[in-house]
């Protein structure tokens, strides 16, 4: 493959989510509001966990990292999508397209691994409670987070090493709101069907491996909970139900995009919106509205803020 041919296409055209002007304006307002909620919600979670000593535990340390990843995942594609709603010419440079692919897979791969890490943390807390503090030490927590970022980076680079070498000479229309590997590969000036299968398999291995590890963790947790007292079982299930909900809403769209692609344009767009916008939107709600400690932390923060204002 000759990497020099890629210069014949300097930019790609994103077809986006809608065509009529009224629909574009409506989508602009909806996604702008959603993005502001995503940013504020995840920033609040990270801020509370950093500032509140009651939340300085491995579980909330991993949750802060998940919120940071969600913030980044949404920011890779959503601002560009929002800006394009008000443009007639929705283009993205070749370099910008490659950067979107790199960071979507970097951050997405990191999120999958951090969800596995969070499941492992709950497994240790519920199945090995007496050894929890020694197993989940500070160095172990930092190591697990570093592993998640490293895994995401290696996955993204393995994809980029192939796609940047593809020859692109037209067509250049991408029927989505951002660049993703399955869509970009189809535009290469070569028979890319086998390569598309290979690249999907690369992503699929990451998705399926993480999902299997999650299933194993939660199976052990459920088996342990069955033998616990009703009070302990109820608290454990309440904690894990939030994690399971996040896992489902993140992994299901990824599986239908990379593992079992349906090749239905409108459905592919919906799934892409779901994991890049709605997952980062729902995570803060799931972890704050259903978490007693987070609610108490918000109350303490509000009280501290109000007391500070009264002292002034």
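Just so you know, glycine gets a Cβ as well, placed from its N, Cα and C.
Fair warning: this is a prediction, and the values are worked out from it, not measured in the lab.
The following features are taken from TrEMBL:
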- 25-50: transmembrane segment (TRANSMEM)
- 41-287: domain 'G-protein coupled receptors family 1 profile' (DOMAIN)
- 57-73: transmembrane segment (TRANSMEM)
- 93-120: transmembrane segment (TRANSMEM)
- 141-168: transmembrane segment (TRANSMEM)
- 204-225: transmembrane segment (TRANSMEM)
- 237-260: transmembrane segment (TRANSMEM)
- 272-290: transmembrane segment (TRANSMEM)
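Most Cβ pairs under 8 Å with the transmembrane segment (57-73) belong to 93-120, among the candidate stretches 93-120, 141-168, 237-260. Counting Cβ pairs under 8 Å to the transmembrane segment (93-120), the stretch among 25-50, 237-260, 272-290 with the most such contacts is 237-260. As a quick check, the transmembrane segment (237-260) and the transmembrane segment (25-50) miss the bar of 3 or more Cβ pairs under 8 A, pairs 6 or more apart, so the two do not touch. Averaged across the domain 'G-protein coupled receptors family 1 profile' (41-287), the predicted model reaches a pLDDT of 86.
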